[in-house]
Amino acid sequence: DQGTACTGEHAHNFCLNGGTCRHIQSLGEYYCICPEGYTGHRCEK
């Protein structure tokens, strides 16, 4: 489950370094799809 696009504050502020925020509603979790070269929960590494 790749989730859905994040909305509101999460859409713009959750992921770092150009990552794409995704929301998994069934888990209430947010995660990021990171651009190449970045890793970490919020693409911070």
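A Cβ is built for glycine as well, from the same backbone N, Cα and C atoms used for every other residue.
As recorded in Swiss-Prot, the features of this protein are as follows:
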DOMAIN    2-44  domain 'EGF-like'
DISULFID  Cys6-Cys21  disulfide bond
DISULFID  Cys15-Cys32  disulfide bond
DISULFID  Cys34-Cys43  disulfide bond
CB contacts for Cys32 (disulfide bond) [other CB atoms within 10 A, all chains]: 22
Residue pair Cys34 (disulfide bond), Cys21 (disulfide bond) - Cα distance, angstrom, rounded: 9
Assigned conformation of Cys15 (disulfide bond) - DSSP reduced to three states: coil
Same-chain residues at least 6 apart in sequence whose Cβ lies under 8 Å from Cys43 (disulfide bond): Cys15, Leu16, Asn17, Gly18, Gly19, Cys32, Cys34, Pro35
Disulfide-bonded residues (Cys15, Cys21), the one with most neighbouring Cβ atoms at 10 Å: Cys15
DSSP-derived structure type at Cys6 (disulfide bond), helix or strand or else coil: coil
Mean of pLDDT values spanning the domain 'EGF-like' (2-44): 96
Distant-in-sequence Cβ neighbours of Cys6 (disulfide bond), under 8 Å, six or more positions away: Phe14, Cys21, Arg22, His23, Tyr30
